[in-house]
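K.L.:
Below are the structure tokens for one structure; questions will follow.
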Amino acid sequence: MREALKNLVRYWRLYLLTLVLGIGGSFQLGMQVSIMASPAEHIQSFVNQTWLRRYEVPVSDSTNMLIWSFIVSVFSLGGWVGAIHSGSLPVTYGRKKVLLFNNIVALVAAVLMVFSPMAKSFEMILLGRFLYGYNAGLGWNVQLMYLGESSPKKLRGFLTITITIFSSLGKVTGQIVGIKELMGTEAMWPWLMALGGLPAILQFVTLLFFPEAPRYLYIDKGDTEGCRKALHWLWQEHDLQMEMDEMGKERASMQGQNVKTIWDVLTSRCVRWQLLVLVIPCAGVQFCGFNAIYFYAFDIFGEAGVAEDKMHYLSIGIGTTDLITITLYPIQFFVSQQDLYSWVPYANIALIFSVICVYGLGPSGIASILPADIFLQAWRPSAYVISGSINWLSLFLIGMFFPFLVDGLGQFCFLIFVAYCLFSAVFVLYFIPETKGKGMVEIMDDFNKLNYKNRGTETEKADFQKICHNAVLTF
């Protein structure tokens, strides 16, 4: 207890940095995911009015659904572009400068949302959603890098997992402000969509007072003194030699090597199983169907038999419980029984809340922080690009086509996600080594047992270990 209290006092600046990064980072993503459900009716009406004004005929139902689906899912395309840039921009300009620029992107998106009704242009909403997505895709990855590279080993896991806490907080915030008593009205929906500008302003102003990520300063830039000053300011410790030694070893192992490209990550045998971890349980987590619940909450509530006037408030319940997957099985049974008993719709919603709880305890947090534990500094930016690309493209497919699945499959719309859940669970159980309490070299040794299994194992592993050993001796 006393040690925990000492850490709380000693690292208060680091905790404050975590708060600043979260508010302008994953909080934005969570809010933009959940905020779309409430103004859906008003935005579709605005699209119809704009179409009628331009072409003097009302928009067809199929075209309106397609435009609405694209407004929802273009956020994911922006996220994909942001994730791609998260590999090069933070390496070139640093984590802090990239986040400052990223806040300007969110402010531009907010301005577009506010002025879209005046300009009578739903295309401005599309562009604003794209920019919000870019902000979220870039901000999520850089937030993870910044946190992981600023935290001591004993706190790294705890602080990086806060990214999902802020994401969930953003989802709850988006659902609360979106109720019809607050901003979920026909007059207020442009301001609701522009709400992402507030955390952007807050992060931009406060982040100016914090140092650059210490590990980036030392390992990437070679600025030993700048790293030491940043660590001392954040941790308020004088004895930093152990941390500096660890970073020195990692920097020594990178001597003569450039930052790895996406192609290197995709083709190098020494990170083959780490890549599979990125693709299946981390990036592919979208295929559990969780974010479909947020994007199209009202459609799902309608299929579950919930009265329309209760949907706004039940969506808040989804946000407060936050998350996913294997319990999708019982959902299917109860949804199919919704017409038999009056209590069944509420049992459906209780099960959806259970899904959200399971997701929050499992894949939500681990899928976010695991890539930081299984890649060395030189590989990490490109690994995040790959993870983010698969993640955002998967989210785009779900956002674009899920309403058509609901239309076609009705009460069985979630069955499509079950196969992924089972496959991912088996993969995690049998093929991901434990990383808790291990250093990067130990984790790499565990993965090399898989990477070099049954094919030149002794020779290739010996070569890899020799390289690591020489790097340490060089340091």
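Glycine is no exception: its Cβ is also placed from the backbone N, Cα and C atoms.
Automatic prediction, not curation, is the source of TrEMBL annotations.
Feature list, courtesy of TrEMBL:
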TRANSMEM  12-31  transmembrane segment
DOMAIN    18-436  domain 'Major facilitator superfamily (MFS) profile'
TRANSMEM  65-86  transmembrane segment
TRANSMEM  98-119  transmembrane segment
TRANSMEM  125-146  transmembrane segment
TRANSMEM  158-177  transmembrane segment
TRANSMEM  189-210  transmembrane segment
TRANSMEM  275-297  transmembrane segment
TRANSMEM  312-331  transmembrane segment
TRANSMEM  343-362  transmembrane segment
TRANSMEM  382-405  transmembrane segment
TRANSMEM  412-432  transmembrane segment
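Let's see these features in context: how buried, what's close, how far.
P.N.:
Within the chain, the transmembrane segment (65-86) has long-range Cβ neighbours (under 8 A, six or more residues past its boundaries) at 29, 32-33, 36, 40, 43-44, 47, 59, 98, 102, 122, 125-126, 129-142, 145, 295-296, 381, 384-385, 387-389, 391-393, 395-401, 403-404.
Long-range Cβ contacts of the transmembrane segment (125-146) within its own chain (Cβ-Cβ under 8 Å, at least 6 residues beyond either end) map to 17, 21-22, 24-26, 28-29, 32, 43, 70-72, 74-83, 85-86, 89-90, 95-96, 98-99, 102-103, 105-106, 108-110, 112-113, 116, 160, 163, 193, 196, 200, 213, 216, 368-369, 371-372, 380-381, 384-385, 387-388, 392.
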K.L.:
Sort out the residues at least 6 away from either end of the transmembrane segment (12-31), same chain, that have Cβ-Cβ distances under 8 Å to it, and list them.
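P.N.:
For the transmembrane segment (12-31), the nonlocal Cβ contacts are 79, 99, 102-103, 106, 132, 135-136, 139-140, 142-143, 146-147, 150-151, 155, 159, 162-174, 195-196, 199-200, 202-204, 206-207, 210, 233-236.
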